[in-house]
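In Swiss-Prot this protein carries:
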| type | residues | note |
| --- | --- | --- |
| DOMAIN | 42-750 | domain 'PFL' |
| ACT_SITE | C500 | active site, cysteine radical intermediate |
| ACT_SITE | E502 | active site, proton acceptor |
| DOMAIN | 758-878 | domain 'Glycine radical' |
| MOD_RES | G853 | glycine radical |
Amino acid sequence: MQESLVLEMLQTGKTATWPANSGTQDGEGFVDKEVKGVPSTDRTKRMKERFMNAKCKMDMEAPIAYTKAWRMYEGKPLYVRRGLSYKYMLEHLTPVIRPDELITMSKTRYDRGATQVPQFATDFMISFLTQAEDQKDEAKLFSVEGKDEAHTVDEEGWTPVGQLFSIREEEVKPMLEVLEYWKTRCVENVSDEWMKTSFPMYQDYINAKKVGLFPGSGLHAGCDGRWIPAYDVVLGGLNKVIDECKKNIAKTVVTTKDVADKVFFWQGCIYACEGAIAWANNYAKEARRLAEITPEPRKTELLQMAERLERVPAEPPRNFMEAVQALWTAQILIISDSLALGVSPGRWGKLLEPYYEKDLADGVITKEQALEVMEMLRIKFSTEEYITPSLWAAMASSNSFMNLAVGGLDPKTGQCTDNELEDLILQAGINMPTPQPTLSMLLSNKTSDHLALKAAECTKAGNGYPAWFNYDMMVEHNLWCYADEGITMEDARNCALSGCVENGLAGTGHPIAHPAFYNEGKTIELALHEGVDPRTGIKVMDGIKPVESYEDVWNNFVKIREHFMRVYMRYWNEVVACQRDIHPKIMGSIFMHDCVENGRPVDNLGCRYNGSVTLLDSGTVNVVNGLAAMKKLIWEDHKYTYAEFKEAMDNNFGFVLGAEKGNFSMLNQEIDPEKHMKYAQIHRDILNCPKFGNDDDFVDDIFVKVWQDYDRVTGSETTYNGYRWITAALSISAHGPHGRVTGATPDGRLAGVTLCDGILSASPGTDVNGPIALIRSGVKLDPTTFASVQLNMKFHPSAIRGEEGSKNFVDFIRSYFNMGGYHVQFNIVDSKMLRDAQDKPQNYRDLMVRVAGFSAYWNELGKPIQDEVIARTEYDAL
C-alpha cells in the first residue's frame, strides 16, 4: 500500500488519488463537470424551481381515510375489506394539480410529500408525534447532521416530525388516533407479540437488534417493495381487469376456503380498480374546474389533461401523452396501496416507444415536447418521499429507490431495440438532476455504441447515474434463480432493476419484501470479544471461544454470522406470515402477471415466479481487510501478538471515540494525546497491510471465501414462499448507521466510523493500484448466484474528458463486464468541489452524488456519508 495514506486521510481529510503523484488535486480551484444540463423549457425550469424550494411535509389524509374505511368495513372478508378500504381512500383524497404540469396525480398534496402506512408500523411515528423520550437517544445516535432548509418548515401551523419532515398541527391529533388504533393491529406489533411465544430464536433476534447486527426500531416501516410491476396491464385498461375478475367469479364454484379466498380476492381487485378509476375522474373534474378559471394557453392544457384522465387508467391509451399518464397513474396507485419502496418503472422507454413513434410520425408530438415530458416525470417521481425512523433517515434521507432503466434486449427476440426515447430519458437525466428516479444502463454485448455513449454522457454530468449493469449476466442469473420454476428465456430477458441495484423480473417476479441489512463489522467485533458486544455489554451467543489462532477468528466469525443470518431469515418468514393476514397487496397484485388469473395476491404465491427473496449486507470489505491484517501481522509475520493487536483495537488505535464528540466521519478523526503514541505504529502497519481492490490474491482470496460462505448460508434457508433465499450484496447506505454502532475493526477503521459501502467497493483510500486492479479484484467472485453486487468508483472529470474519454470509459465498462463484472456506478466529480459544497452549501442546492444504490442531494446527506464519498479514491486516469 501507499505508505500511511489512510492515516493521512484520517488526520487531514485528504482524498486519495490515483495515480498517487497526480497534480490534479494540487491547484487552488477545482475542475468542474464536463457535461452540464438545464431544463429544456421554461415550464420545466419553473417546475424544478418549485421543487427545489419545496419543504418536506407529511400528509395524513390517506391513512386517516383508509383507517376510517377499514373500521367501517369490519367483518368483511380480508381481501374484500382491503379493496373497499383502498377504494374509499382514493375516492376521498384531494386532487391537487400543480402549476405547469401536464402529467398529474400524486400520493400527497405537497411538492415534497410523504404519508405513513400505519398498517405496518406505528411506534416510531407515535414517538415522533409525541416527542417521546424513547426516540431521543436513537435520534441523537442516528442524527442527520446535513439537514438543510428543505427539511425545515418555518410556516405557522406546522410542527416537526422526525428529523426530515413537518406536519400540520391540526393533523397530529387525528393521526395519533389512527396510530393508536393500529398499534395493536400493525404488522410490527402483531408479529412481535406472536413471536414472543412462537419463535424459538426471538431473544436472539432482540439481542441482535440491540447490539446493531440488524436495523433497530421501525424495521417494519420499510419492509415492502422492491419490484417492477407489470405496467403493460394499465396499457390494456383497468376495465379489462374488472371484466376478467367478474368472469372468474361467474365461473367459479366455491368448494373450499382456498377457492372462496380466490373469489374474495377478485372482488377486492374489482373494488380497487373502481377506486382507481374514480380517483382519476376526480382529477379530471378538478382539471375542468381549474380550466373554467384559467386563461389560455393553460386552459387548453387543463382540458386536454381532463380528457386523458377520463380515458386512462380505465381504457387503453390512444397516444403518447395518454400512455405516459397511464403509466404514472399506475405508479401512484401502487405506492399509495402500501409502503412500497423501490417500486421501479423498469424499461418504460420500451413500453412508451410505440406510442412515441406513432405520434412523432403523425405530427402529434415533437422530440422536444417528449423531452419536456421526460423532464416532468423526473419531478413527479421526486415529489414522492417517505418517512422512516431515525436509523433509516440516517441511511437514505427520504429516498424511495425507484429505478428507471434503458438498454437491454428485446425479451422475445434477444435483439437490440435501443430507441430514441431512451436517448431522451438519458438527456432528461442530464437536464433535470433529481434523486428520483435513479437511472440504470443495461449494457449487453449487443447494445449499440450510440446508446452506450449517450449513457456515458449522462454519467459525466456527475449526478451519479446511470449505474451500469451487465445485462447478459442478469439474464444468466434469472435462468439460474428461477430454474426450479421453469422460467422461459423471454421472461428471463424481461428484467431491469427493482430498487437500487437488485436484478428484478418485470411484471412476473415476487417483490423482495423486507429491509434487512446485516452488519458484518459488528460480527467481526463480536467474534473477537467472545460473543460480547463492547458497546452494550450484551452477550449475543455462547460458545465463542477465546482467540488463539487465525482459524479461531475465522470460525468465530462464520459461527456468529451463520447463526444470526438464520435468525433474521426465519424471523422475517414469520413477519410476512402476519403481513399476509393484515395488509395483503391488492393493487400491487393487479399489476403483477398471473395474480388475477391465479386468484392470489403477490404476497401469497400469486406471481409467476416467487423465488426472489434476498438478504442484504454491509461492511464486508472491512472484515476482509481486517482478517488479512490479522493473518499477516500476527500469524505470518509475527510482528504483534493477538493480545497487542486487540488492545490497540479496543483503544480505538489511539483516537478519541467518535461517540464522545458526535463525530462519526472517517475524515478528521481526533487523536487522543494520551494513547496515540502507544498505538500509532500498529495502526500504521495495519493500514499498510494488503487491502482488497489492488489485485492481491492474499486478501482477495479471503474476500471470495467470505462471500462464498455468506452465499452458502442464504441458499440453505427457505423463504416464506418455499424457495431458497438469495444473496443480495448491497448496502444502500446502511454502512453509515451500522458503522455508528460498531467499534474499531481490525482493518484499522475507527469506532463509529462509516463502514465500507458495498460488496466490491474498496475501503476509501486503499485501492492504490488503480481502477484496473480494483475490477480485477472484484471479478474473482462469481456473482451469478447473487441478485446484486455493488461497486462504487470515483473519477476526476479530467480522467474521461472529451469524446475520446467517453469511448475509453465505455470500453473500460465493457471490458469489466466481459471479465465477469455485474455492476458499477460512478461519481464523476472533483473532491475539491465536494469540500467546497460542504463549506458553501448555499451554492450547491442541486448538487447530487451517488451514495450507494441511489443518488441524493449533497446538502441532504449527513456529514459522515458526505465524508465517506469524499474519501473514496479519486482516479485521475483510466
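Heads up, the Cβ atoms here are built off N, Cα and C, so glycines get one too.
Rounded to a whole value, the Cα-Cα separation of E502 (active site, proton acceptor) and G853 (glycine radical) is 9 Å. The residue listed as 'active site, cysteine radical intermediate' and G853 (glycine radical) are 4 Å apart (CA-CA, integer value). Within its own chain, C500 (active site, cysteine radical intermediate) has G342, F401, N403, T438, L730, I732, S788, Q790, A852, G853, F854 as residues 6 or more apart in sequence whose C-beta sits under 8 angstroms from its own. The domain 'PFL' (42-750) scores a mean pLDDT of 93 in the predicted structure. For the domain 'Glycine radical' (758-878), the DSSP counts in helix, strand and coil order read 53 helix, 21 strand, 47 coil. Counting other C-beta atoms within 10 Å of each candidate's C-beta, the recorded positions E502, G853 are led by G853.
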